[in-house]
Structures are given as structure tokens and as C-alpha cells.
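Quick notes on the structure that follows.
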Amino acid sequence: MNASIPAITTGPLPASSKVHVQGTLHDIKVPMRQIEISDECPLNVYDSSGPYTDTAISIDIAKGLADSRGIWLRSRGDVEEYDGRTITAVDNGFAEGERLTPAFPNQRRPLRAVGDRAVTQMAYARAGIITPEMEFVAIRENIGRTQALKEERDGEDFGASIPDFVTPEFVRQEIASGRAIIPANINHRELEPMIIGRNFLVKINANIGNSAVTSSMEEEVEKMVWSIRWGADTVMDLSTGRNIHNIRDWIIRNAPVPIGTVPLYQALEKVGGIAEDLTWEIFRDTLIEQAEQGVDYFTIHAGVRLHMIPLTARRVTGIVSRGGSIMAKWCLHHHRESFLYEHFEEICDICRRYDVSFSLGDGLRPGSIADANDAAQFAELETLGELTKIAWAKDCQVMIEGPGHVPMHKIKTNMDKQLEHCHEAPFYTLGPLTTDIAPGYDHITSAIGAAMIGWFGTAMLCYVTPKEHLGLPDRNDVKTGVITYKLAAHAADLAKGHPGAQMRDDALSRARFEFRWEDQFNLGLDPDTARAMHDETLPKQAHKVSHFCSMCGPKFCSMKISHDIRAAAEKQDGMEQMAEKFREGGQLYVPVTEPAE
């Protein structure tokens, strides 16, 4: 493989620049995207794109991003550097020679907790400590809220406790209670912290990853950068096949967002893909390997219990989770509970030393709407609630994964049961897909369900691309999935009544009514596509100031007609006001004329 540095997408989005807000409790600078608008003040929006859209920063992925958190971590006095485990051929799927992806060149010694301490954000929050990470996310969540204080709250939040203004203390309380998490491994020092919780903005995750048959390090790093450019808040690396360790290292060292994994996938590669040969020792070693690299959250399918597996026998689509099917096969072969369930407390002990958050996997999620809300799904959910309490007792951060395929009328039940059984831990759902009849369009079938469940209280939505059920998504699929899910998340924020959420909508609506085409493009989630579509029929620069588009033309544009009506009404109103003055004066108004010279 060519070890040269791959080309990475950089540069700001149209009419945009990076601005920073200074912290008050800690020496931090929180990045935001500022969009210039003609004849209006600039609009600041939440920005997860990291330094890649900052013209003041030079990107070299062979060096990785800046170590922005190192000083925060060391100042707490509870971490230590150590040599870490030795990387072996098995960690990269026995890739060798030209097939071996080069190791990331700028290696650091990993950090871990001193002694038996917990270095998690939950542990600090419970101790009453407001960390830099907590203040960082509070500032991010407050974008637009100061202006929104002037407006009346509008929305239905289904019992959430969304504040008018997010303070660092509010963040601390939410973390301490388990209602929110900040995925922030102490070895992911390049991270720009973000928060996942019901009382905060709805977040989205993008999945990337190579497979045994396709993709490379270059593609995966670019897919990560590409996905956060368009708004992904976290990225999951679901790589299988060769080079898993090295590809993951390149991704994390260049990722400003949290990175999640399913460690079971790599553990399975280490035993040649034979599920029955998996052991606790192999899995434990894989957890430590990934924790040392800086993985921020692990999907752990510990809720798949032996007695639940027969409940899936009558399903239309059986067990569709890769992790769930692997553990079900292991349990049946050994006729015992999974090592994930039996050793869950030991998994917690590993996670608390690095602050790796749990994403408790829904291994028995429904893979078709026919299987939605069945006994297997909800039996596992109850177990996930039990595991949540065990993790919380160890000061570990937890979120709960959810379905899947669920028709619209059954979605609310999923949210209600999750809140009940999992004690308000953040919910993280894949969609859900609301119908099964649209291969190639499952980004749409799932966005319908995602918007609904986000409104009901889900904290993070895992994107679905047009390639779902069909193949590995490419760069364009990733963008389509991210944009679609940003729409769903934003729609949920609006419906919940998040203060400030509507400011961007209103700014774009004003631009639309005033025929400010460039502002319309730039304020949208995807300026490039909006501009390209307009250019298809009206490509000239003069068309960018026209008071019509190709849909209606100049004579039938409803907004142009509205302008004419408004102008006529204002003229008529002016005449009426003048007539009223005449009536009040009781005489006609006679203008004064200058005397003739």
C-alpha cells in the first residue's frame, strides 16, 4: 500500500467561517460555524466539523489533530502514562507486506487511571466537579439561546426538562444522574467534547468502516472527515477484515468527534471468524487494545441472554444484529450465558479506567416491522436496564441502543419502555425504519421514524444510508445519510421546543421570501446541492437575484405576487391613514404653495 498522505476534504462551507467562544470557568475555546447573511447579522450554528473547515489550521493527517485535551487530563492528577500492550499481527487480521496498512506514525504512550480510580465524566460529576468538557458542551448547546429568550417557547417535550439556558452546572447534574453522557476517552486527546442526552440537542451518528472485500485507510479517514463536514456528531468505525487496528488508529488520531466501535467484530477476526471460538480473554484484550487507542464508546451486546434466544424463533427476520447473532450462536453452542453478561462488571472496570462509555447493544432488535415490539426485543431491553445500574455503580457512562424496524404507531411505546426500564439513560436508535418496502430509499423510511422517536426523547440517531441492506456505503451515500438525519434531528429539536432551534429556519424563510438565493443556499444543510439544482435551469449569475425560480416562472411566483399584494396593501393603508387624518381635522388638506416671484 502507498504510504503517502491521502487527500482530505478541507475548507469552509460557502459563506462560512470558524469562530470561537471563550470559556469562563476554564481556558477553553469552543468552535462554531458562522454563516454570513446579506442585510442581516451573521448566524452562528453548531459545528462538528473540527479543524477541517478552519482556514487558520493546516491539516496533516500523518501528524493527527492537536492534543487539545492533554492539559485538562493531566491537571486532574489522576492519570498516568504507561507502555501499553504490544501490537501483534492478529490485531490487524494477519495483514502483512503490501496488504498491511502503515501504522499511524505519530504514536503516543497511552493514559490510564492511577490505581483503581474512575476517571469518567460521571465520577467527576458525582463529586461535584465541573470539568472543561462539561463547560465546553454547555457553550455548544447554548448557540442561539440568548436571542431565543425573547421568544415564547413552542413545542411538546413529553416530560423532558429542557432549560432556557444550559449552564455547566446543569450539564454536571445531567451527567451525574445518568441522563446524559459525554463520550470522551482519556486517550482521545484530539476530541472536541459533545453531549448526548434527552434534554440536549438531538445528535446523529454516522457509521463507516472497511470490510473484508472493500475499502481502505484512505477512504475511511476521508469518510470520517466527510461525515463530520455535513454534521455527524459521532462516528462509529465498524471495520471488519484486515488492518482493523491500524485503520482505527488513523481515524481516531484525526477525529474531533467521539469514535465508537463494536469490539466484538475485531475479537471475532482474531479467532478466524468462528463465533464459537470466542473467549473472554480474547475479548478483554481487545477492549484494552481499543481503550488505549482512544475509542470513546463501545457497543456491548451483553443483553443477549440464553433464555431469550428461543423467543426469536417465530420472527420473520430472526436476529439481524451482527453482534447479537454472534453472541446468540456462542450461547447456543456453549449452552451458557455469554461472557459479555457474565463478565460485565469486569468490562466496567476496564471502561472506568479510560472513560469509555457504554452503548449497550440491542442484539435482539427487530429487523422487520413484523417483528417490532415483540417479547424478545423487550426482554433484552429489561436486561439492558439491569446492566445500566451495574455500570452506574462503577461510575461508567451509559447509553442504550434501540431499534430498528418499527411502524409509526408502535414507536412511542419504544421510547416509553426505554425510559421506564433503563432509568432515563440516553436512548440511541437506528432509525427506526417505518416500512420495509423501499430498498434503496431506507434513508427516507428510517428518517420518518427517526424524527418521531427523536421528538419523543431519543438522544442520538444512528444514520441509515440509501445502501442499507444493499451494500457498503460510499462517500456520496455517507453524505446523503448524514444530511437526511440532520433533517430528522433538527425536526425533532423544533418539535421539542429547543430554544433557538428555529432561528436558522426563520433566517432561511426570510431569504426565500426576499429572493436572496445565495443566502438560501448558504443557510441550508447542503448548500452545494441546493445551488446545483438551481443552476440546472437558471445557471446565470443574474438568476441569483431574480424574483422567481423555474418552478413557477416570473408571472406565477406566489411570493412575488405576495410582495405585490403587500405593497398594494401598504399603499392602501397609507391612503386610509391620510383619509383618517382628514376626517379628524374636519377639513380638506390644502397644500401650501410658494408665492410667485
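Note that Cβ sites are derived from N, Cα and C of the backbone, with glycine treated the same way.
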According to Swiss-Prot, ASN207, MET236, TYR265, SER321, ARG322, GLY323, ASP362, GLY363, LEU364, ARG365, GLU401, TYR428 bind substrate; which one of HIS188, HIS301, HIS343, HIS469 is annotated to that same site?
HIS301
Of these binding-site residues, ARG365, HIS405, HIS469, which scores lowest on Cβ atoms within 10 Å?
HIS469
What kind of secondary structure is TYR265 (substrate binding site) part of, going by DSSP in three states?
helix
Measure from the CA atom of HIS469 (Zn(2+) binding site) to the CA atom of TYR428 (substrate binding site) and give the result in Å, rounded to a whole number.
20
Helix, strand or coil at GLY323 (substrate binding site) [DSSP, three-state]:
helix
